[in-house]
Amino acid sequence: MSPDELVYLGILAASIPVGFLFRYLSPPVKQGAALLLGLIISIATCGLHTLHSLLTVLGTWLIIKINWRSSPALSLGWTFLYLLFFRLVTWFGLPQPTPFANAIQLLLTLKMVSLANEIQSYHLEKKKEVSAFTKSPVVGGLSHEPSLYDIMSYSYCYVGIMTGPFFRYQTYADWLQQSNPLSLPGKEPCLQRLKMVPVYGALFIAVNSVFPLSYVRTDEFLEHNYFYRFFYMVAIFFVFRMRFYSAWCGAEAGCISAGLGCYPHGALSKPGGGPTVKYSPDPNTAVEYDFKTIQNIDCYNTDFCVKVRHGMRYWNMTVQWWLHNYIYPNTPFRAYALRAGWTMLISAYWHGLHAGYYLSFLTIPLCIAAESAMEASVRARLGPMGQNIFDWIHWFLKMRAYDYMCMGFVLLKASDTISYWSSIYFIIHIIAVVCIAVGQMMKGGKKRERRERGEGEKEDVVREKSE
């Protein structure tokens, strides 16, 4: 493991016992302590680069104060433009930010855009309440506009400050105002989330030592046979998954220990978004709680869901919620594949400027279009047994598609990504294009068959009438 990864590991490990201590604090003390600890982590790992995140927060606060109506669009523009400056900062003669500063900046971008949307919704619902003389039915809305201190506290809250998961301001405010944090579940769900982390960590270290990514960039790698080169991406994506499974399960445990994102099971919470229905528990029955709001990874379904589009749903779940609610609805297209493409483009930009991100993320819409075409033209015509076989083949190709796209995500450079993809003859791109073409041909044949059947029925009717 690299020194940076050891620092991340140390922060994750320390956040779990610290979280249990926060359950003993009153709301004001909890807010101040979480802010102070977050600032200590930021300054210790980022130094002067902490100014980048501070400027982002102050800029967003100013936008909200000046024009709350347009703050969602303006904050998105401001934070994404600042991301561009942040990544090109050396062009201006400034020092390169640390990886820790980059992690904080990424999560802060999500928080600031979400905050602007929450505050806009608060003002709009408040105006409706005044005109209708009724309380807003909106679930999870703010009860007041956050102050600058509140915004700073949310931005630099130590929980998930550089590892995630993303959570809304309302989730943070609910955490501060928990009436009896010590009565909420903590130890058992925390251990449940951590039980597989040693396994994921051991597999990450073991497989990474046998299949190092750096070997892909060597001339010797290209001398191996096709099947070895093809299998290598399977191993690389396995290492990639084990790394993030370990990190995100650990990050979730840090949230659970502090009680962040704990809501009654009946609130039907969504990862990132929180409760979706108003829930009033029966005082005579025990209340069940869950931490769905801060769930960032579903390891089982990531590996075993059938479709490419579903694979995205179970990976980095809180960020997927952010993209689905703040980016996807505002795409300038109607077709699902194009809307998904636009969303993936924004996601690639958020991750960074490396060409590998764009090559990978923009392959997703192609794969989605391919699986949609095959489902409509092939799977729909099969019986139960045939559909079961189709789904297993679909799952296998889904995993290979993610193996393939992962190589762009980790190799980063366009030259390295294309070099690897060309070494396996762009196999996933070719399969996707063939599937789309087959789907279109079978769709055309189905239409022609339906038309001929209709014409035949008309002829039968005319013949019967003439007889």
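Note that Cβ sites are derived from N, Cα and C of the backbone, with glycine treated the same way.
Copied from TrEMBL, the annotated features are:
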COMPBIAS  451-467  compositional bias 'Basic and acidic residues'
REGION    446-467  region 'Disordered'
TRANSMEM  6-25  transmembrane segment
TRANSMEM  37-64  transmembrane segment
TRANSMEM  76-94  transmembrane segment
TRANSMEM  197-215  transmembrane segment
TRANSMEM  227-244  transmembrane segment
TRANSMEM  356-374  transmembrane segment
TRANSMEM  418-441  transmembrane segment
Proximity of the transmembrane segment (227-244) to the transmembrane segment (418-441), 3+ C-beta pairs under 8 angstroms
yes
Using a Cβ cut-off under 8 Å, which residues of the same chain at least 6 positions beyond either end of the transmembrane segment (197-215) come close to it?
1, 221, 232, 235-236, 238-239, 242-243, 245-246, 249-250, 253, 299, 410-411
Looking only at residues six or more beyond either end of the transmembrane segment (76-94), which have a C-beta under 8 A from one in the stretch?
52, 55-56, 59-60, 63, 102, 105-106, 108-109, 112-113, 116, 326, 349-350, 352-353
Residue list, the transmembrane segment (6-25) vs rest of chain: Cβ under 8 Å, 6 or more residues beyond ends.
33-34, 37, 41, 45, 100, 158-159, 162-163, 181-182, 184, 186, 190, 194, 247, 250-251, 253-260
Take the transmembrane segment (356-374) and find every residue of the same chain, 6 or more past its ends, with a Cβ under 8 Å from one of its Cβ atoms.
307-309, 312, 336-338, 340-341, 344-345, 347-348, 394, 398, 401, 404-414, 416-418, 428-429, 431-433, 435-436, 438-440, 443
Long-range Cβ neighbours of the transmembrane segment (37-64) (under 8 Å; 6 or more residues past either end):
7, 11, 18, 71, 74-75, 78-79, 82, 86, 95, 97-98, 100-101, 104-105, 108-109, 112, 115-116, 119, 148, 151-152, 155-158, 161-162
